[in-house]
């Protein structure tokens with residue numbers, strides 16, 4: 001089985017490569033969509049096949065891979081630092097509050113990397129694997145295709161402290177969201193509203209929802225922007241003092257489809273988390289017209305999402321001789337030191 005029931009992986013791969021060649025001239029000088037055209041032609045098929053296989057048992061994985069890319073890019077750029085495990089040199093970003101017991105898909109990336117290493121050893125970065133995986137995940141879920149600029153290299157360190165502060169909180173106000181996005185270089189309202197549309201599929205844990213349901217901003221009352229019927233539904237799914245790890249669909253209408261329903265939900269007061277609903281419910285916000293626009297026009301939403309994804313993917317990439325191409329996405333490559341003993345014999349360790 002390929003990327004879809006009607007299109008084989010090989011056919012999709014040919015389509016992607018063809019589009020890459022057409023779009024290459026539109027990418028920036030450092031990154032380009034056809035970067036692996038000659039050095040690793042099967043990369044798209046390998047990543048696509050892995051996601052298709054995973055979706056058979058885990059319908060949530062597509063949204064999880066998109067979120068993994070987002071959480072990587074917001075911390076020192078798209079450099080796969082989020083994939084690194086703990087070492088003697090740094091603490092993993094996986095332990096940071098926004099990621100711990102929340103961000104997932106690491107084992108899926110491992111399988112992609114292992115297959116790519118067999119086909120194209122020491123060629124494809126983990127950062128590019130995450131980026132391609134997020135794009136194919138959106139495509140497989142009914143969303144748009146876009147030419148992914150490639151050629152990133154991998155970080156040789158993780159940034160635990162920054163991960164704790166740079167990533168937007170589900171409890172953020174609109175002002176806080178805008179600051180978080182602007183701080184990384186995504187300073188357009190369309191970046192914020194379009195990328196938030198990634199919550200059109202996937203799930204969130206009740207612990208990120210319950211404050212809105214019972215004690216919004218310390219008022220002992222629910223968030224007044226919540227649709228009353230939706231409030232009753234959410235309280236049933238997330239009872240007060242209940243299990244905070246229970247999962248709830250971001251979009252209860254089309255929970256596994258990448259579409260514009262997310263924005264329609266916001267219009268109806270059915271945004272799951274506070275940082276979603278504030279895009280529409282903050283009085284006088286410049287994000288309101290965008291929510292209205294995206295809710296009524298799939299083409300406009302998809303176009304804005306693609307533009308914002310490319311902008312996010314271009315945040316501070318490591319290129320050229322910067323960083324490295326990790327052989328294992330979880331650890332930096334072994335460092336080789338050349339030493340000379342007392343007899344003048346040179347060796348590597």
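Cβ atoms here come from the backbone N, Cα and C positions, even for glycine.
Close to residue 71 (active site, proton acceptor) in the fold, though at least 6 residues off in sequence, lie 82, 93, 98, 99, 103, 163, 167, each with a CB less than 8 Å from its CB. Residues or ranges marked as active site, proton acceptor in TrEMBL: 71.
The Ca(2+) 1 binding site annotation in TrEMBL covers 72, 75, 77, 79, 81, 93. Within 10 Å of the Cβ of residue 75 (Ca(2+) 1 binding site) there are 27 other Cβ atoms, across all protein chains.
Among the features that TrEMBL reports, substrate binding site is placed at 168.
Neighbours of residue 199 (heme b binding site), defined as other CB atoms within 10 A of its CB across all chains, total 24. Residues annotated as heme b binding site in TrEMBL: 199.
The Ca(2+) 2 binding site annotation in TrEMBL covers 200, 251, 254, 259.
Residues within less than 8 Å, Cβ to Cβ, of residue 120 (disulfide bond) and separated from it by at least 6 positions along the same chain comprise 36, 39, 40, 42, 43. Per TrEMBL, disulfide bond is recorded for 40-120 (among others).
Residues or ranges marked as disulfide bond in TrEMBL: 73-78 (among others).
Residues annotated as disulfide bond in TrEMBL: 126-329 (among others). Over all protein chains present, the Cβ of residue 329 (disulfide bond) has 23 other Cβ atoms lying within 10 Å.
Of all the Cβ atoms in the protein chains shown, 18 others lie within 10 Å of the Cβ of residue 206 (disulfide bond). Residues annotated as disulfide bond in TrEMBL: 206-238 (among others).
According to TrEMBL, the feature signal peptide maps to 1-29.
Residues or ranges marked as site 'Transition state stabilizer' by TrEMBL: 67. Within its own chain, residue 67 (site 'Transition state stabilizer') has 103, 198, 202 as residues 6 or more apart in sequence whose C-beta sits under 8 angstroms from its own.
Taking the Cα atom of each, residue 75 (Ca(2+) 1 binding site) and residue 329 (disulfide bond) are about 17 angstrom apart. Every protein chain shown contributes to the tally, and the Cβ of residue 238 (disulfide bond) ends up with 23 other Cβ atoms within 10 Å.
The residues near the Ca(2+) 1 site, meaning same-chain residues not in 72, 75, 77, 79, 81, 93 whose C-beta sits within 8 angstroms of the mean position of the site's C-beta atoms, are 71, 73, 74, 76, 78, 80, 82, 155, 158, 159, 163, in sequence order. Cα of residue 81 (Ca(2+) 1 binding site) to Cα of residue 168 (substrate binding site): a span of 18 Å. Sequence-distant neighbours of residue 77 (Ca(2+) 1 binding site) (same chain, six or more apart, CB under 8 Å from its CB) are 315, 316, 317, 318, listed in sequence order.
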